[in-house]
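Take a look at the structure set out below.
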Amino acid sequence: MHKKRVEEGEASDFSLAWDSSVTAAGGLEGEPECDQKTSRALEDRNSVTSQEERNEDDEDMEDESIYTCDHCQQDFESLADLTDHRAHRCPGDGDDDPQLSWVASSPSSKDVASPTQMIGDGCDLGLGEEEGGTGLPYPCQFCDKSFIRLSYLKRHEQIHSDKLPFKCTYCSRLFKHKRSRDRHIKLHTGDKKYHCHECEAAFSRSDHLKIHLKTHSSSKPFKCTVCKRGFSSTSSLQSHMQAHKKNKEHLAKSEKEAKKDDFMCDYCEDTFSQTEELEKHVLTRHPQLSEKADLQCIHCPEVFVDENTLLAHIHQAHANQKHKCPMCPEQFSSVEGVYCHLDSHRQPDSSNHSVSPDPVLGSVASMSSATPDSSASVERGSTPDSTLKPLRGQKKMRDDGQGWTKVVYSCPYCSKRDFNSLAVLEIHLKTIHADKPQQSHTCQICLDSMPTLYNLNEHVRKLHKNHAYPVMQFGNISAFHCNYCPEMFADINSLQEHIRVSHCGPNANPSDGNNAFFCNQCSMGFLTESSLTEHIQQAHCSVGSAKLESPVVQPTQSFMEVYSCPYCTNSPIFGSILKLTKHIKENHKNIPLAHSKKSKAEQSPVSSDVEVSSPKRQRLSASANSISNGEYPCNQCDLKFSNFESFQTHLKLHLELLLRKQACPQCKEDFDSQESLLQHLTVHYMTTSTHYVCESCDKQFSSVDDLQKHLLDMHTFVLYHCTLCQEVFDSKVSIQVHLAVKHSNEKKMYRCTACNWDFRKEADLQVHVKHSHLGNPAKAHKCIFCGETFSTEVELQCHITTHSKKYNCKFCSKAFHAIILLEKHLREKHCVFDAATENGTANGVPPMATKKAEPADLQGMLLKNPEAPNSHEASEDDVDASEPMYGCDICGAAYTMEVLLQNHRLRDHNIRPGEDDGSRKKAEFIKGSHKCNVCSRTFFSENGLREHLQTHRGPAKHYMCPICGERFPSLLTLTEHKVTHSKSLDTGTCRICKMPLQSEEEFIEHCQMHPDLRNSLTGFRCVVCMQTVTSTLELKIHGTFHMQKLAGSSAASSPNGQGLQKLYKCALCLKEFRSKQDLVKLDVNGLPYGLCAGCMARSANGQVGGLAPPEPADRPCAGLRCPECSVKFESAEDLESHMQVDHRDLTPETSGPRKGTQTSPVPRKKTYQCIKCQMTFENEREIQIHVANHMIEEGINHECKLCNQMFDSPAKLLCHLIEHSFEGMGGTFKCPVCFTVFVQANKLQQHIFAVHGQEDKIYDCSQCPQKFFFQTELQNHTMSQHAQ
C-alpha cells in the first residue's frame, strides 16, 4: 500500500469533491440547484466551524479576540472593525476574497495552539519574527520576550504552561481563565444553539450569528450562488465570482503538483523518490504496515515477513511463555502447533460447514467493531474500507448466492485494513490495541452481543445459517449511494448527514423532475438520463458486451433495507426494523412507531392521511420472491406494482405527503419542517431548572450561596504567609513552628525596678545599681516626677521646683518651662511684641542676657499704653479667673469641675477617688515610660503619646515666614511675627532721609513719600527697617511696633523705669524677699537654690554646711561649674574669670541694684563648647586641641548604645540620637524648646546649635551636671559614661 504525501489538515468532503468535478466539466452555469444548496450548506458549516475555532477567546468577556487581516496582516480588536477594513480599506482584496464566505471567517491571532501546528497548516510566517526579541511593541507578560505582532505573542504564551492552568481535553490548548476554556470546548462538542433563520448555519456565540446575519441584509440584494454572500452591486458580485473561479483553478493546480511530490512513509514521514525504496523501507523499518508482512506474533504486536524470522523472534523473546490459541482456550506444546490450529479457525472443516465468516456477519462484522463504544450499533461509525473505488468492471453475482467472495476485515483503530480472517483481526486487536476498552459485537439479526468477533461468527453460522433476511455484501459494494442524487459515501453516517442537509430542507424536494431517473437493476437515482445510461453500461453490462441490458431485467443482487428514526434531529439510520424498534422503545417512550402497518384501505396512495417514514433511505429493496415474480412491493404500505415506472410514481406520492406536513404526536399540530416539529415537541417534554455545579466533585446546588459555601468548606486551602522570609505554610501549627525556630531571637532585657531603666546586659545593670543605689543608701526621698532620689526633704523640695513652669503669663495664668515659650505665647495669643524691657529678651541681645534681665510687669506696660492695638485680644484657651479651678498635683492640669479632675486622675494616672498619697506614688512609679517633651506627661504606649502630641501642635500653620521659616496659622500672626525681625535702632528715624518720626500717623504719611517701585502689591516699604510690606495692615503694624519701641526705650531711660523690682523666693517655703542677701545660696546637683534663714534653721539640724551632697571621688571637676549657667571649667582661675566677665552683676561687689543709666548689659564673649563633654573654650584653637585629645583617648568611633551603631564623629551621633527620639512620628522633627518643625534631623540639629543655649536644655543627668535636649541623649550618655 503506497500513499503519496499530502498536506496536513482535514480531508475534503465527498460532496465538495463531486461538486468540483461537475463544475470543472460543466461550469458553474450547469450546476443543478439542489447540488448548489448541498455545496453551500457544507461550505457554510465548515466555514462556521473553522471560524468558531479561530474566534475563541482566552481572556475576559470584555477582552474579545484579536482579529488579523489575511492580506495586510493588520490586527483589529473586533469583528466589526475587521469587516469594515476588508470591505473598504484593505489594499489586498475587497469583496472578491474567496475566504470570506461569511464576514467573520478571518482567522484570529489567538487561534494558534502551538507553532508546530501553524507550520503544519501551511503558515508561511518568518521563524525569526516568531521567536521574538527585545524592544518590540508586544511584550510577553510572563517573560522578557516581545514580538512584532500580537498573533506571535499569543502563540508564544502557550509555552508558559505554569501560567495557564486550564487545559482543553480535546486539543491540549492552554487557557488562563476557565470561562475561556469552556467557550473553546464548545467548538469540539458542537454546541451551537444560535441558528440563522435564513440558512442552516449555526453558531455557538450570539455575536458570531449577528455578524453572519449581515450577509443576509436587504442592503446587499445581490447574492452569490455559491456561498450566499450578499453584495451591494453587480460589479462586486462579479468580482467575487472570479475569486471562486481562481480558487478552483488553484485547487486543480495543487492536485497536479501533489502528484509530482515524493512518496512519504505514513509512519515516520520519511520521503522517497521511488516506490521501490518506500516498499523496502516499510519492510525493514515498519513491517506492521506492509502488505507482505502478514505473519504476526501471538504474544506481541510484532509482524514478520517470513516464518523463520517469526519463529526466531518467539524463541528469543517469548521462550518462557505458554503457547495458547488467542481464539479459544486450547494450549499447545510448540509454536507450530498454535499456527496450525489457527488455520482451522479460518479453513472449512470436514463436515463442509463453513467456518469462514458468514455472509450476514461479513456485511456487518467490521461495522459492529468499528466503534469503541460498547453500546454502539451499525449506524454509529461503521468502518468498511473508506477508500472510494470506481464501480467499473464488476461482474454480476450468481443468482443462487453461493459464490461469496472473500471478506476482508479492517481494524477500527488504525489504518490496517487487510485482515483475511477474524482470527488475525482478533490477534491484532489484543496485541497492538490492548489499551483500548473492551467492546461487544452485536448481531445484526437478533441484536445479541458477543464478546469477540469469533464468537459472533460462530453465533451467526449456527443460529442464522438459513435466515432469509436479505443483507448487503460490503465486499462487493464499496460505497453507499444516495437515492436522490449521484452522491456516494464511505459510511452510513456520511449518507445520513447528507440526506438530512441536502434533501430534507423546506425547499428540497427529491421528487421533482430532475431526480426521477432510477436504475431498474439497483434502484439508484440519477439526475439526468445520460447519467443513468452511463451507470447501466458500467455497472450492469458484461465485460465483453457494449449493449445496454433491458430495463426490465430483474436484479440479481440482494440489498439491505435501511430505516430511519422519524423523531431524532439527526435522523439515525438502522439496518433492520428490530433495531429501529429497540431504538424507539429506549429513546422515545410513549410515542407510536411510525413504521406500524395499517390496513390496505388506509395504505392507499390516494389517501391524504397516510403516515409514512422519512424518505432518507439508502436503498430501495424488495424480497427475492417478489422480484422473481416481476412485482415491486412498497415497503411503506405493502402495495405491489407490476412495472418499475408505476412503483416509482407511487413512491413519489409518499415523499410528497411526508414533506407536505408533519404532525405533532401530542397535540396533532402540523408543521412544515422537522426542525419546527422538534422545537415544538421539545416544549411538551421540557422542564427547566437552574443548578450550580461544582467543577471538582460534580455536586449540584440550588443556589449560588450553597455552592460558595461548599467551595469554601471542601475545596479551599488556607495558607499562612511569613512576611519575614516569604515562606508559605499550609497550617497554623507549621507557621508557629517556623516562627519559633527561625525568627524567635530571644533577647533578655534587665530593668531596674527603682528607676525603670532598661539594660541589655546584666553587668550594665549591676554597674547602675552600684553607682545609683548601692553607694547612696540614705537617699530615701524620691521625686515622683522623674524618680530621682535625695538625702533630705529640702533637697527634694528644691528639686521639685525644677518641674514647675517658671515663666507665667500675666494675661491668662498659663506657665511655661522656658522664656522663649512665654515670648512666643505672648506674640501669638496676646500680640505683645515689646520684649526688650518687659521680658528681658530685646532684639540684638545675646540669649545669655535674657537670664539676667528681670521679668517685666506686662500688666503695667498695658496700663501705660492703653492704645496698644492688641490689648483687647483674648485667646481661646484663656481661663476665667472667676471660676474655681481644680488642679492635678501630679501633672498640673486644671479643670473647672472636681468630677473632671477625678476622671483625669483615673484615666492618666490610674488613681481612683479616695486613694491616699501612698497609692498615688505607687501608681506613679508604674506609670508608662513614654514621656511628652513639652509637658513631661508619661504614657503607657507610643500611640497614646502620639495622640497627646497632637494637642500641642494646635491649628494647621500654612503661612511661613520668608526670613526664619517658621509657620503661622493666619496671615495676621505672620505679619506680626515679621516685625520682630526688624534690626533698626530704638530711634524712630527714617533710614532714607534721617527724619525723626514721633507717631504712627507720621510714619504712614512719611512711608508714602518714599514709594518702593519694586513692590507691585502696595508700592510701599517700611522706612525704618526697610522691609517690604504686602498690605496696608502690615504697614500699620510696622508703625505701631516701631513707635512702641521708641516709647519703651524712653521709658527705660527715665527715672520712672526704676520702679519695678524683682522679688526672690525661698525654695522651701516660697516666701518672697526683695534682696538676694536674705537668702542662703545652696548647690544641689550643680544647680543654685536659695533658702531663707528660717528654713535653714528648721531643716539644717546643726548641719548647715552639709546640705549639699558630697561629691563622689570620681568627679573631681564637678565643682568647677558656673553656678549661673552651669558651664564647666578645668581650673578655678577660669571659673573666676568667667564670673567676673559674664556675671559681674551677680558678684558680691556688684550685686546691688543696677544703675539706671545702664541701657544694655555687657556683651558676652564668644565661646566654643564640646559636644562630647560640654566643656566651654574661649577660642577655636583650644577646642580643637581638646577634641584632638578626645580622639586620642577614645578613638574616632562613637557608638550608639541604643542600637550599637557606630559613627565617626559626635555630631553624627547626636543627629542619629535625634532620629531615635522621633521614630514613628511620620518623618517630622520638632524642636523641644520652640516646637519648630523640620523634615530632616540635621536641620533640627543646626537649629538647636544656632538658636538655643545651655539654659534651654530640658533633661538633666542625675549623676553629673550635664544637660541634654533629648531623652535619647540622656540615655546614651548614662549607658556610656556611668555604666562603668
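Numbers here mean position along the shown chain, with the first residue as 1.
Glycine too: its Cβ is placed from the backbone N, Cα and C atoms.
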Where Swiss-Prot places phosphoserine when the choices are S47, S233, S982: S47
S106, S356, S604 - residue that Swiss-Prot labels as phosphoserine: S604
Of the residue ranges 632-654, 1092-1114, the one that Swiss-Prot records as zinc finger: 632-654
Candidate set S50, S354, S1151, annotation phosphoserine, source Swiss-Prot, matching residue: S50
Among S550, S571, S1054, residue with annotation phosphoserine (source: Swiss-Prot): S1054
Per-state residue totals over the zinc finger (166-188) - DSSP helix, strand, coil: 11 helix, 4 strand, 8 coil
Model confidence over the zinc finger (166-188), averaged pLDDT: 83
